[in-house]
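Annotated features in TrEMBL:
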- 1-88: domain 'S1 motif' (DOMAIN)
- 104-175: domain 'S1 motif' (DOMAIN)
- 198-263: domain 'S1 motif' (DOMAIN)
- 370-439: domain 'S1 motif' (DOMAIN)
- 459-528: domain 'S1 motif' (DOMAIN)
- 649-718: domain 'S1 motif' (DOMAIN)
Amino acid sequence: MLLLGCIKEVSDYELAISLPNGLSGFVPVTQISDAYSKLLTKQVAQGELLEELNSLPDLYSPGTLVRCIVTSIEKSDNGRRSVKLSIDPKKVNNGLTSTALAAGMLLSGSVLSVEDHGYLIDIGVTGTHAFLPHQKAKNYIKAVKKGPDLKIGQNLNCLIVEVKNEGRVVCLSIDRSEVAASIATERQNWALSNLLPGLVVKARVQKVAPFGMKLTFLSYFTGIVDFMHMDPEKSMSYSPDQVVKACVLSVHPVSRAVRLSLRPPFLHPGGAPRQLTGQRLGAVLEEATVKAFYKQFGAVFELDDGTLAFARMKHLSKTRKSFKPGAFKEGCKHKCRIIDYSLMDEMCIVSLKHQVIEARFLQHQDIHTGDVVQGKVVSLKPIGMQVKVADGIRGLVPSLHLSDVILKQPEKKYNIGDEVKCRVLECNPAGKKLILTLKKSLVQSKLPVLSNYEDAKPGLITHGFVVCAREFGCIVKFYNDVKGLVPKNELGSELITCPDKVFYEGQVLKVMVLKCEPQQGRLLLSFRLSSKPSPEDKWKCTPKEKQEVKYQIGEIVDVKILKKKDNGLEVSILEDEDNMVAWIPTLHLSDFVAASKLLWHCLREGDVLPRVMHLSDKGEHIILSRKSAVISAVQEEQVVRSFSEIQPGMLLTGYVRNVMPFGVFVEFPFGVTGLAPKVSMSDKFVTDTKDHFVVGQTVIAKVMSIDEEKQRVLLNLKVSECTSGDSAAESFALLNQYFKELKEIRNLLRRGEPSICELVPGKRMHLVVQDLREDGSALFSGSSVTGLTVTATRYHLGDKNIAPGEKRKALVLHVDALTSEVYVSLREELLKQRP
């Protein structure tokens, strides 16, 4: 059966479609078009994202009309019917043939490919090539605002402009004004076998009945307009022989029944029905007036704002037996609740059922994180338990959350149909995702619900559950996937050496917030619920203990430079009452070794460096790092905190600690180290390891294997093995960071060496030849290069002979700020080029 539908919701995996008469259906991601399905298959096979494959939200918007064909009707366990649809032109236009195509026809098409002069469109007709020129698409693209081009899989309302070679080639237009003006005519030779929904026709009223009208159109077609699709403004004024404009809503191939609509938004192809405001959904109305009652169908009501609403028969009373027809005479008033909105009928769908009016939840948007809800057990599976919270709303209780302790046999405690009291851990209305907990300690907790990092103020005490216990401490989770770290020294009043033996996964505990960085999504917690340590405790701490409590690895601080030393900077941590002193090694000033040396050269005592990360506290000082790639890895939790967390195949960001003839030692945040042997260092053949890596260089390494007995990690540093998928984006981010740091260095240089900042590659200047060297190179001087060594190699002097004292025009090739050297060229072919 062919139907005209309107997109209601778009997710990554399906389109929710509003159908006529308050019905709805779903188009799975595999039923968009052949070309789109091929891209999906290719992406799954390759295991990486394809640039040309756009997600459904990038292609489709709610409120768009689409032609659909019913592929199946599935009945669920609870008796509900699910209508599966397809918008694939091959299925929708199945009745069309090449010879049947005519200019002026309106049909569905899907973008097959993007070409130089336009687009190839799949119209689902075998033996026909359809082309859409750019000129005929530009207005549509501008109006839809989905990017500069049409995308593969995009569904279009296409108007045939020209038919060539007996239908083998057709030229299309999707220009909104041309499509809107199109009307199906007899000349287009439409037949019942290929009649499409969405066509606008001129029809003649044949018969007017209480439930609707009978129309004739395109000479010999007959169609029905039901009561929901008459124009509300003219519903009482239709008469036989009257000529009206109508839109084909559905075509049933077996019964040959054609249904039409006279509602204004459908009378121009490509129109969009009126949408309901979000806050109206779920509203309870004390008085809705009956406008008309239709036996076996339902009743139409007028709401408080004058709009019409429809209630199906099953929603007029609790049961069929309790239904009283007398209560639904015109003018009778009833209490009802808006439960849905039908885009295709432009009507609210209401219910008079008492249990629906009193229901706490109608849709996922009504449920909030932390709500305590009553539900019914639907099924028990290895991943957890499904709970029905309301009609059409189901949640998952993960196996970890079935009880305060881990249940090995949950089926002994719970039975299908049991009523259970849960608490909402996470609710995502867009993805229709609902995660619940049955842990009594969480369900009955009177403490505040922590569902976002912004609410995690220091001193807040709340309940959380342990998701990981390791030697470094415990990771504790709250609501909406908010999580934080309880470091080892905050696990209890006495030092706990083996946290994994004291705490278990899923354990609910009270925790106190010590520190929170909302933007980074970082949370520092404590199981010690008392306030800050007393002055006596503070004096008892050794300086080492004090700094461990204060600054955890991965913490971001701002620092001020106290002293510049040969191999790094001695700094003080700002906003620290004890003026804590820390150390930044020169090679940790940047991800780029050259930039690290330049930064050290430009920085002065007293300068402030923002956003530096606590890397380790080996030796007498806290060690800090300014490497942005390492900081990002720690903040995004793409790190291992101990040897036991390492798994083969992991991609980890670290820095070269040592370069040996047999390989490279790489260190990662939290002190884990590994070795990349000579054979796994580079995609090229390695003769000398020092030609490939230098100490301090930031690298991404892939874990090849681990030896638990010897606590050894073998790594791979080959670029071909160490990309996470989007290598172009990674490279661009690194390049962007490099230029950002160069800009910072240039600003620092302006303070002491302003002249060197003005010299950029490509700049032209006049210089005086100062000296000629034995190797053929020359030295220059000039007012703009005072204090700098300016050199041109023999090659860059060109063909002309030069002598000391001569004035020459030169072009800057390279500036080395570290050695104050400038390299220039006198070659004519370079100087002639436009700047």
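Using N, Cα and C of the backbone, Cβ positions are placed for all residues, glycine too.
Between the domain 'S1 motif' (198-263) and the domain 'S1 motif' (104-175) there are 3 or more Cβ pairs closer than 8 Å, counting only residues 6 or more apart in sequence, so the two stretches are in contact. Residue counts for the domain 'S1 motif' (649-718) under DSSP, helix first, then strand, then coil, are 9 helix, 35 strand, 26 coil.
Secondary structure counts, DSSP: the domain 'S1 motif' (104-175) has 13 helix, 34 strand, 25 coil. On the 0 to 100 pLDDT scale, the domain 'S1 motif' (104-175) averages 90 in this prediction. Helix, strand and coil counts under DSSP for the domain 'S1 motif' (198-263) come to 3 helix, 35 strand, 28 coil.
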